[in-house]
Amino acid sequence: MSTVQEKLITNVCQDKAAKPTNKITIVGVGQVGMACAVSVLLKELADELALVDILEDKLKGEVMDLQHGSLFLKTPTIVADKDYSVTANSRIVVVTGGVPQQEGESRLNLVQRNVNVFKFIIPQVVKYSPDCIIIVVSNPVDILTYVTWKLSGLPQHRIIGSGTNLDSARFRHLISEKLGVHPSSCHGFILGEHGDTSVAVWSGVNVAGVSLQSLKPEIGTDQDSCNWKEVHKKVVDSAYEVIKLKGYTNWAIGFSVAEIVESITKNLGRVHPVSTMVKGMYGIETEVFLSLPCVLNGNGLTSVINQKLKDDEVGQLQKSAETLWGIQKDLKDL
């Protein structure tokens, strides 16, 4: 007896489902992972979205919730599983998984615990998607991007840390608030570590090509009567402030990651401040990953823009590298 489906549909092609060409996987379905997932869905960047996590009930609930909204989305397939086979043939894998920092825990201890988590995650990702591009979001992101590069065996251009893409967005937002100009018209970069030693490149801050330093040479320094230096301090402190108020950060990093994904999936060649290997640049001679302005397209991170930095900015970048190397050099089991 024929089923309703058989009576309704006459098949013309035996292979009804085409293989996805822009499959995106999110590893970790916590607040950040789900913000990344929703941002990717709303920007219509994937023809298949896969979620993976060790928390089975949480994972099942999140994927059901997204699937129930399928009518309002243009991503035909949303899947989830604890088993990494669900991630097979991903074009991009976004890693948000890891362990949270405990009260009083040293940064090195936190990193080492996350190394142990990544030793499980990364080989599984590469096993099922050997040609993928990996975007690392878990913190401390620069060190864990280095860890991912070491564990994956993938070339540098396919390992990207979300880095200071969000820090730079915060920077531009705060500049826009001071000037009354939209953030998209306020240009400036935060480089280096995604964290306390990040570098505000005041020499490059401009609106419509007009350098703010040309108008006020002391901008961003202690001698600045307008206290623009406070803008960078707010960038550094902003995550702590949001966490204090709501317990975590998720939406802005989700939007930031989706923009990085978009530059890759749409082969845009846009410049993003993201974390990459910087050995040999700006006098840095250690294997650290830091954020520099990078070109992202369909092949991944294809080039770095050689930004003209002032001597004090180069010094700050080198200090950022030293801070990360101080932790990185003591990591075990890589």
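Heads up, the Cβ atoms here are built off N, Cα and C, so glycines get one too.
The NAD(+) binding site feature in Swiss-Prot is assigned to 30-58, ASN139. Annotated substrate binding site per Swiss-Prot: ARG107, ASN139, ARG170, THR249, in sequence order, evidence recorded as similarity to another entry. The active site, proton acceptor annotation in Swiss-Prot covers HIS194.
Recorded features from Swiss-Prot, shown on the structure.
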{"residue": "GLY30", "record": "NAD(+) binding site", "DSSP (3 states)": "coil"}
{"residue": "VAL38", "record": "NAD(+) binding site", "DSSP (3 states)": "helix"}
{"residue": "ALA46", "record": "NAD(+) binding site", "DSSP (3 states)": "coil"}
{"residue": "ILE54", "record": "NAD(+) binding site", "DSSP (3 states)": "coil"}
{"residue": "ASN139", "record": "substrate binding site", "DSSP (3 states)": "coil"}
{"residue": "ARG170", "record": "substrate binding site", "DSSP (3 states)": "helix"}
{"residue": "HIS194", "record": "active site, proton acceptor", "DSSP (3 states)": "coil"}
Nearest recorded site to LEU42 (NAD(+) binding site) by CA-CA distance, among recorded positions ASN139, ARG170, HIS194, THR249: THR249
Greatest C-beta neighbour count within 10 angstroms, which of the binding-site residues LYS58, ARG170: ARG170
Distant-in-sequence Cβ neighbours of ALA50 (NAD(+) binding site), under 8 Å, six or more positions away: LYS23, ILE24, THR25, ILE26, ILE78, VAL79, ALA80, ASP81, VAL86, THR87, SER90
Greatest C-beta neighbour count within 10 angstroms, which of the binding-site residues VAL38, LEU42, ILE54: VAL38
Secondary structure at THR249 (substrate binding site), reduced by DSSP to three states: coil
Closest of ARG170, HIS194, THR249 to VAL38 (NAD(+) binding site), Cα positions, recorded positions only: THR249
Alpha-carbon spacing, ALA46 (NAD(+) binding site) to ASN139 (substrate binding site), which is rounded to whole Å: 25
Spatial neighbours, same chain, of GLY30 (NAD(+) binding site) - Cβ under 8 Å, 6+ residues apart: THR96, GLY97
When distances run from the Cα of ILE54 (NAD(+) binding site) to each of the recorded positions ASN139, ARG170, HIS194, THR249, the nearest one: ASN139
Fewest Cβ neighbours within 10 Å, where candidates are the binding-site residues ASN139, THR249: THR249
Among MET34, ALA46, which are binding-site residues, the residue with the most C-beta atoms within 10 angstroms of its C-beta: ALA46
Pairwise CA distance, MET34 (NAD(+) binding site) versus ASN139 (substrate binding site), rounded so that it is a whole Å: 16
Residue among binding-site residues LYS58, ASN139, ARG170, THR249 with Cα closest to the Cα of HIS194 (active site, proton acceptor): ASN139
